[in-house]
Amino acid sequence: MQVLETVIDAIANRNRLEIELIFQLFWILFFVGLIPSWIVFRYFNRIARWMALILAIVILLNYIGLVIFYPTWADYADPAEANVAAVSWLLRRGEQIYPTLDAAGRYINNYGAFSYIIQAAFLSVFQPSIFSSKLAGSLAGLSSLTLIFLLIKHQLNRWFAIVGTAIASLCFLNQTSASGLLTSSFWVRPDSFLLFFSVLGLFLVVRGGKAIAIFGSAIALGVSTNLKVTAFLHFIPIYVLLLERFGIVSVLISAASSLLISAVPYLLPQISLTNYWKWLQQVRLKGIKSEQIPKNLLWTAFMAIPSMIALLLNCNRRWFSKRWLYGLTLLAGIVLNAVISSTRGALENNMLPFVPLLIYLPIDLFRLRASRPKLISVLGISAAIAFIAASSLAVYSTEVKFVERMNTAPGHRAISDLDRFIAAHPNRTIGMGYGAVSYQLSSYRPPLVFAGNPYLLDSASLMEMQASGLNNTPEKTLQALKTCQTQIWLIPKENLPFQVYSYYPPLQKLFSDRFRKIFAETYDRRESTEFYDAWICKK
């Protein structure tokens, strides 16, 4: 009962539910629900199916509503989203997105080039803004869910498609280590694209003809490994399906083609493979955060509960002999990815692309069974109710706080404030600085880059560099500060400049004493707006 009390207290106080607590809650609800589930199974089977359908539609509408509303909020869920938006526009302007290790501009992140190419395309078509920077991720999230629906509908029927897609949407939202992770299936960072291309690859290999399966999987794998080198881990099970359908030659053609697709962006002059690889080497220097490994595995295990319950209730020797290699490579990929994705600062959103692969297991099993699946049974009903209830409480504990944060943030007013300041200072270079309390007001930096200003400092990149042991403000950066390459720095109002701390343990100050000393010697606070103090070069 202590678990239930903890959950109630957390919900009442609007605190997030950690995955360990969610797992315990599931098992309590599962055993408590066995008798009510037997009653439902025995007397209200048909009503239960309709109730499940209605509940699934409500869950889907919640996800779709979040995805649609997210671009309309002028705030980002995570500071790294601002980085992707700004650097994507640098690419559109023809600037280097992977500068050298000692370059003045400190804005690189370890994201692959396709992340910026996709965003740059949307920014170009819809005009650069925070709204348009979110469109690609939102479209990816909705497309992922749509493809899952179509796959289940094709393999089974519409009822299973709606219920299965609703469960998938709960899994997408059920990431509770930080409130912003709620949006990871549709945010600006590459996670939304990694999820989409995983679902796309699975969909085309399962449903497509030979040519579509080969080249569709090649595109999906090529883009994904460009976005993230370790993405091949969640494509190995997909290639097992390709092998079983069309043979080893098809796998070899697809894999070879994916290498070419992955390399295409580096043909552009402003995208350096050499520099990207050097920056990527810095990631391993962050080291593995051992306590994150069990969290990644536990989160994935919880996401696997619907699939595992369905398999336990319905599995047979014929199906197992057909899909054992898929299951083995899926399990191996999950374990390896859980370890690799446990560097400092990494969270469970790195496990998200495995969700559709887990969902495919019971879909395939039910398709192969000649008899009606035993999903509607006492154990099945109890497990479904427990999973949906535990997941919904976890999502609610995160979502209510996130929506409140988005609705109360000063996003639109702050951006209007920036627009007025830019208009009042033509022909001056303006940069977004950082204060002493939070990063919120500094996350509105993309509009400055969209207006043509230089981009010297990005907090997300600086944190990564610092965590890797790299000097995040080298001599060239300090020289750019001394020579006023950025003539005006906007600092959150009434904040001491550049006093913020990194999110990464051991939570040290992001900027060195030397950096702050040079800034104080070079800039004076001379103006203020509604949200910012303008520190202007003394020279």
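Positions of Cβ are set from backbone N, Cα and C atoms, glycine also.
Unlike curated entries, TrEMBL annotations are predicted automatically.
What TrEMBL annotates here:
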- 21-41: transmembrane segment (TRANSMEM)
- 53-73: transmembrane segment (TRANSMEM)
- 108-126: transmembrane segment (TRANSMEM)
- 135-152: transmembrane segment (TRANSMEM)
- 158-174: transmembrane segment (TRANSMEM)
- 186-206: transmembrane segment (TRANSMEM)
- 212-236: transmembrane segment (TRANSMEM)
- 248-268: transmembrane segment (TRANSMEM)
- 325-345: transmembrane segment (TRANSMEM)
- 351-368: transmembrane segment (TRANSMEM)
- 375-396: transmembrane segment (TRANSMEM)
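Of the two recorded stretches, the transmembrane segment (186-206) does not lie close to the transmembrane segment (21-41), with fewer than three CB pairs under 8 Å once pairs fewer than 6 apart in sequence are set aside. Under 8 Å from some Cβ of the transmembrane segment (351-368) lie the Cβ atoms of residues 144, 148, 151-152, 155-156, 160, 164, 167-168, 171-172, 175, 184-185, 191, 194-195, 198-199, 202, 206, 224, 231, 234, 237-238, 296, 299-300, 303-304, 306-307, 310-311, 314-315, 318-319, 322-323, 326-327, 330, 333-334, 337-338, 341, 375, all in the same chain and six or more residues away from its ends.
The transmembrane segment (158-174) and the transmembrane segment (108-126) are not in contact, since fewer than 3 Cβ pairs between them lie under 8 Å (pairs 6 or more apart in sequence). Recorded stretches compared: 21-41, 108-126, 135-152, 212-236, 375-396; the one with the most Cβ pairs under 8 Å to the transmembrane segment (53-73) is 135-152. Within its own chain, the transmembrane segment (135-152) is flanked in space by residues 60, 63-64, 67-68, 70-71, 118-119, 121-122, 126, 160-162, 164-165, 168-169, 172, 185-189, 192-193, 195-196, 199-200, 202-203, 206-207, 356, 359-360, 363, which lie at least six positions past its ends and keep a Cβ under 8 Å from the stretch.
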